[in-house]
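Working notes, beginning with the structure itself.
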Amino acid sequence: MRLHHLLLALLFLVLSAGSGFTQGVRNSQSCRRNKGICVPIRCPGSMRQIGTCLGAQVKCCRRK
């Protein structure tokens, strides 16, 4: 029974770490690797923000 609890905790840790993977985009190279483009100010309506490029003003956007 203790093994089940350990495996459940490990599974939770792995799944929670992978869920926000694209939110770590912080430069133009990682933006392109995540199939995004760098756009100044705001993402267009057909795209969503997945991170930033070169600072907070330039957004990394990807199609919805």
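We number each residue from 1, going along the chain as drawn.
For all residues, glycine too, the Cβ spot is worked out from N, Cα and C.
Candidates considered were CYS43, CYS53; the recorded disulfide partner of CYS61 in Swiss-Prot is CYS43.
Note on the disulfide-bonded residues CYS31, CYS43, CYS53, CYS61: the fewest other CB atoms within 10 A surround the CB of CYS43.
Working note on the disulfide-bonded residues CYS38, CYS60: by count of other C-beta atoms within 10 Å of each C-beta, CYS60 ranks first. Between the C-alpha atoms of CYS43 (disulfide bond) and CYS53 (disulfide bond), the distance comes to 12 Å.
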